[in-house]
Each structure stands twice: as C-alpha cells, then as structure tokens.
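**Student:** Okay, here's the structure, questions in a sec.
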Amino acid sequence: MKILNVDQIRALDEATIRHEPIAPINLMERAALAFVDWFVDRFPDTTSTKIFCGLGNNGGDGMAIARLLLERNYPIEVNVVRYAPRESDDCMHNHRRLKLVTENIRYIEFSRDIPAIRHNEVIIDAILGTGLSRPTEGIVKEVIGAINRAPATVVAVDIASGLYTDQANAPTDVIIEPDYTVTFQLPKLAFVLPKNGRYVGEWHTVDIRLYKRYIDLAPTPYYYTQPQEARLLLRKRERYSNKGTFGHALLLVGSHGKMGAAVLSARACLRSGVGLLTVQVPRCGYGIIQTSVPEAMCLPDGHQNVLTGSSEIEGPPPSEYSSIGIGPGIGKAPETLAMLKTLLPTLKKPIVVDADALNLLSENRELLSKLPKNSILTPHPKEFERLTKKWDDDYQKLELLREFVKTYNVVVVLKGAYSAIATPEGDIHFNSTGNPGLSTGGTGDVLTGILTALLAQGYDPVEAAVLGVFAHGLAGDRVAEERGPIGMIASDVIDALRWT
Ligand SMILES: NC(=O)C1=CN([C@@H]2O[C@H](COP(=O)(O)OP(=O)(O)OC[C@H]3O[C@@H](n4cnc5c(N)ncnc54)[C@H](O)[C@@H]3O)[C@@H](O)[C@H]2O)[C@H](O)CC1
Ligand SMILES: [K+]
C-alpha cells in the first residue's frame, strides 16, 4: 500500500472529484460515513460524546460526523473552535445542515468557553487535519491541551490535530494525543515514525473509494506492507523439489559467551525453509551447535573463542554457499575483523549483515564499499546511527537511510516499530507486523536466520527483506496473542513462524 504526501493527497481528492465525478460535499459525506461506520462498530454503546470541530474540511468532516451520529441516537455535544473568521465552503455547508438537526452547538473563542470533559466520555477530534500549515497556537492550542489533560477516550479524524502529515513537528508543538486515529484511505507517513507514537495511538484506515488509478500512478518512495502483499511474495514449494532446490546457507555466528545468538539464528534459518545449513562457530561452540541444532552441519573455527574464518575441517569456500549470514554473537575481536576484511572481497552474492558485524563495519568504514551488491544490513537505530550520524528527527533519519542505501547499493532493515526496509533505489517499505514484546534479546538473531534462509532459496533481497521482516513480526504477534508480549522470548518467535 502506498503512502502519499500531503500534496498528493490533495490532488487525489481532486482527481476523485473530477473523475467519478462526485461533488466535494458528497465526498465529505462519504468520508464522514466511513468514519461513523468505524465509530459505531468500536463504540456500540451510545456513550456521551463530545466532538470538537475546526473551520476547514477536517472540521466539515466533524460536523457531518456529528449529524450522522445524532441520527444514530448518540448523545453528541458539538464544539466549534472559532480560531478564524471564515469556514471552508464544505464546512459551512455541513455547519448549516447540522444546525437543522441540533441546537446543541457551542462555540469556543476564549478559554472560558472550553467545556469540562468528564470521565468515560468519548472525544472526537476534528479540529485540524492534513491542512495543518503551522504550529497550533492561541485557542486551538488551549483546546488541544484541555483534551489531552482530560480522562477521556480520544479519536482523531484523519490525523491528530497539530500533527504534520509528512514533516517534522517541533518538540514544543501542542498536538492531540489520541487513543485512536481513523484515517481516510491511506496511512500517513507520520503514523509509522517512532517519535509520533503518542500522537497517533492505534490507527485504522477506512476506505472512501478515492480514485484508484491516481494512487496506482502516483510516484512515492514510501510503502506500507499489508498482509496480502506479503503473502504474494511467498513462493510455493514444488512437489518435485529436493533439499538442493532451497539452497545451502552458511551462518558465521557466535563467540565465547554468545553462543545463544548462534543457536537462535541457526534454528530460525532452518525454520524458514533453507535446504541445508552450515554453521561456522568458534571451537567452543562446536558441541553446542551439534546438540542443540542437530539439523545443521557445524564447521568449528580454528580459534577457541572467536571467529577467524579458518576452519579446522576442510569445507567449500564461503563464496560457494547460496547465502551467508554474519554477525549474531560474533563480538569485535581483531581476528574477527581480519576475517571480515578477507572474506568480503571474495563474495559475489548478497549476504546478511547483523549485530557486531555491523559495528565492525562502522568502525572500519572502508569495508562498506566491499559489501556484495544488494546485501541486507539489519541495524537497530543505535547501530544505524554508528553507520551514519545522529539525526535530529525521524524525517532526517529517513533521508539518511535513503542516502545510505543508494551510496552502498544495499538493502537496510532499520529495526523497530514499523521496521523500515530501504531498497538500493531509495524506496522505503514500512512493516505492519510486530509488537513491543519483540524488544528482547535474540529476536534480531532470529531475523538474521530468516533472511539468510530466504536468500539461500533465491528470493530477491528486497523481497526477502520485506517478506522476512513481515513473517518475523507476525510470529511475534502470534506469541503476544497467546502469552502476552511481556513473557515473550526469541525462541517463541522461531516456534511461531508459519510460512503459509
Ligand atoms: N483526503 C481526502 O481525500 C479527503 C479529506 N477530507 C478532509 O479534509 C481535511 C483537510 O482539509 P483542509 O481544509 O485542507 O485542512 P484542515 O481542515 O486540516 O485545516 C483547515 C485550515 O486551517 C488552517 N490552518 C493550518 N494550520 C493551522 C493552525 N495551526 N492553526 C489554525 N489554522 C490552521 C489552514 O488554512 C487550513 O486550510 C482532511 O484531513 C480530511 O479530514 C475530506 O473531507 C474528504 C476527502
Ligand atoms: K483531526
């Protein structure tokens, strides 16, 4: 699913109006109806509801929503925040229609006009939408503050008032902190950025049948992966296949005291459809891998405690494996750095780079250009910061991300809520699965195993990253549903992987 910017959203609105054709006021009615359908479903009991409307089209939506909820017998109190002298045409039109069905409309111009908000009330925020062009101030800011302080459930129409759709807010901006955001047609970029969590809440899109062809043709670097899209990437297993069909992966993982990372990545790799797996670990890890992952072959490294790349047992050179995953648990010993320096120039196929392998890269930046084209790097934000530099806000982070992938011709999975997968072309796919339970040791090692397995099976690296991150998050969601996010451990995520 595409994520469009404000100008494109406005143009999409106009394209729909022209193409269908539909009168703007009727499109507003359609949007209001879609919101109301969601609202009635979520709040079936007609609880006391206050709606706050602005004077633009977001406010117009709010006035139409108020009328439709009144028709459904919701006890609605309408508050119009009069921050400017004029209303938009469609807002004015809906304002008139609303006055025909209720007298219960209050106007807020001064602080004393702000109503008290009681416990258990539901607040609908329709003050400002995607038309926001400057920070909130004056009476708008005061109303938002009062709503945020109230012990009520808040639902934002389209986007929280005061939140920019696709640019950074200042830390001092006053913005609605909703429990829910119900947005029209497409997710907004602001929703998938970590710093905005409290200004978005749980968000839902509602379909208002905007012009599909415009969406299909609109250029954008931003996508949001939906379940049906991820599922399309998954390849079926042919009946006449053998283990050779699904590749032979090599994992370079583990060190003394961090063999758990090796075990987790190896198990996840095997649970993600790889044909054969070889795990190269320091000698201290040999018995561990052989007993805890009997399905894998094990190459003990020449070194007792860290990886050096020289194996005790004769094996094929790393370049002959279908894919390589490197990093989980390896530490940053000089011998391991030396291994990386010798290894990288010999490789042609994309590899997966994680954890301390990333840290070694950021401390030895000349190695970045030695990475095989289309390799997948899986940093969490701190690791990515070490690879690039500190960013001021999430939007600058996205720019750094796009610059980085283009410079080094790699895929980057920036892990976190809505993990961002950046392609070498500079597109960014935000993942839709996962939960806070995944923020626990070892889940990153699991992801490395998954991605290495998908590459071994011949998946294109971007597809592998989008599909692998989706499946990893979905497995986490299954675990969270069953046992709650708090007690989740990385092994549970491996057990919950399903490739269907
Ligand atoms: N996306 C769609 O297809 C549809 C969207 N709808 C709704 O329309 C709003 C966007 O409406 P718009 O009139 O463009 O903007 P706003 O209502 O957000 O703002 C109104 C107006 O306010 C001024 N303004 C900007 N910033 C501030 C500020 N900080 N303080 C005070 N005033 C401010 C500015 O002049 C704006 O123009 C969208 O979110 C949807 O809710 C349609 O109803 C259906 C189709
Ligand atoms: K709003």
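Cβ coordinates are placed from backbone N, Cα and C, and glycine is handled just like the others.
Got these off TrEMBL a minute ago, pasting:
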- 9-216: domain 'YjeF N-terminal' (DOMAIN)
- 57-61, 129-135, Asp158, Ala261, Gly329, His380, Asp445: (6S)-NADPHX binding site (BINDING)
- Asn58, Asp125, Ser161: K(+) binding site (BINDING)
- 226-500: domain 'YjeF C-terminal' (DOMAIN)
- Lys415, Gly416, Ala417, Tyr418, Ser419, Gly444: AMP binding site (BINDING)
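Let's see these features in context: how buried, what's close, how far.
**Tutor:** When secondary structure is read from DSSP and collapsed to three states, Asp158 ((6S)-NADPHX binding site) falls in the coil class.
Neighbour list (Ser161 (K(+) binding site), Cβ cut-off 8 Å, at least 6 residues apart, same chain): Gly54, Asn58, Asp125, Ala126, Ile127, Leu128, Gly129, Leu132, Thr136, Val140, Ile144, Ile175, Ile176.
Looking only at the domain 'YjeF C-terminal' (226-500), the predicted model's pLDDT averages out at 96.
Around Gly416 (AMP binding site), the C-beta neighbours below 8 angstroms that are at least 6 residues distant in the chain are Pro194, His380, Pro381.
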**Student:** Based on Cα distances to Ser133 ((6S)-NADPHX binding site), point out the closest of the binding-site residues Lys415, Tyr418, Ser419, Gly444.
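**Tutor:** That would be Tyr418, nearest by Cα distance.
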**Student:** Determine, to the nearest whole angstrom, how far the Cα atom of Gly444 (AMP binding site) is from the Cα atom of Asp158 ((6S)-NADPHX binding site).
**Tutor:** 34
**Student:** Within 10 Å of the Cβ of Asp158 ((6S)-NADPHX binding site), how many other Cβ atoms can be counted across all chains shown?
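**Tutor:** Result for Asp158 ((6S)-NADPHX binding site): 26 other Cβ atoms within 10 Å.
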**Student:** How would DSSP class Gly60 ((6S)-NADPHX binding site) in three states?
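**Tutor:** The residue in question, Gly60 ((6S)-NADPHX binding site), is helix (DSSP, three-state).
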**Student:** Within the chain of Thr130 ((6S)-NADPHX binding site), which residues six or more apart in sequence place their C-beta under 8 angstroms from its C-beta?
**Tutor:** Val6, Ile9, Arg10, Asn58, Asp158, Ile159, Thr165, Lys188
**Student:** Counting only other Cβ atoms and using a 10 Å cut-off, which of the binding-site residues Asn58, Ser133 scores lowest?
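**Tutor:** With the binding-site residues Asn58, Ser133, fewest surrounding Cβ atoms within 10 Å: Ser133.
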**Student:** Could you list, ordered by sequence, which of these binding-site residues: Thr130, Ser133, Lys415, Ser419, Gly444, have a Cβ under 6 Å from ligand 2?
**Tutor:** none
